[in-house]
Every structure is written in structure tokens, then in C-alpha cells.
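The annotation compositional bias 'Polar residues' is assigned in TrEMBL to 1-21. Residues annotated as region 'Disordered' in TrEMBL: 1-26. Per TrEMBL, the feature domain 'Zn(2)-C6 fungal-type' maps to 31-63.
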Amino acid sequence: MYPSSHYKQNGSQIMASGSRQGSKKPRTELACDFCRQRKIRCEGSIDDGKCTNCAASDLNCVYTKRKVSILL
């Protein structure tokens, strides 16, 4: 059960006053290869061109475009 001041609507939690709770940062379209392999959230590139996870691990941050296959 949810507390009386909160309720769920369309998959996002909303306060009774109508304000939304959640992330303030926009989502990235694609995770870098390191974050994708580890299945962790990729925050996108920061000032030096690396995401926060790659910068913390001192790795090159590489974004590989995934090939989309169409199933028939």
C-alpha cells in the first residue's frame, strides 16, 4: 500500500498536491559500452566526454551504435 499522501498514476509517483517526484536530469538515449556491459545507469557524457561511471573507472567512454534487426 502507498501512504495516503501519495498515489500511483500511469507508472509515476505523484504527490497529493500534484507535484511529481522523480529524476530531474533528462535520460540519455544510449548507454555507453561499459555501462551497457555492466547493466548500470549511464548518465551520459560530462565535460571531458566521459560518463560518470567511465570517469570514475578511468576508462575511455565509447558509444557503439547497435544494429537493429527486424524479425519477420
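Glycine is no exception: its Cβ is also placed from the backbone N, Cα and C atoms.
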Secondary structure content of the domain 'Zn(2)-C6 fungal-type' (31-63), with strand meaning DSSP E or B: 12 helix, 2 strand, 19 coil
Averaged pLDDT score, the domain 'Zn(2)-C6 fungal-type' (31-63): 91
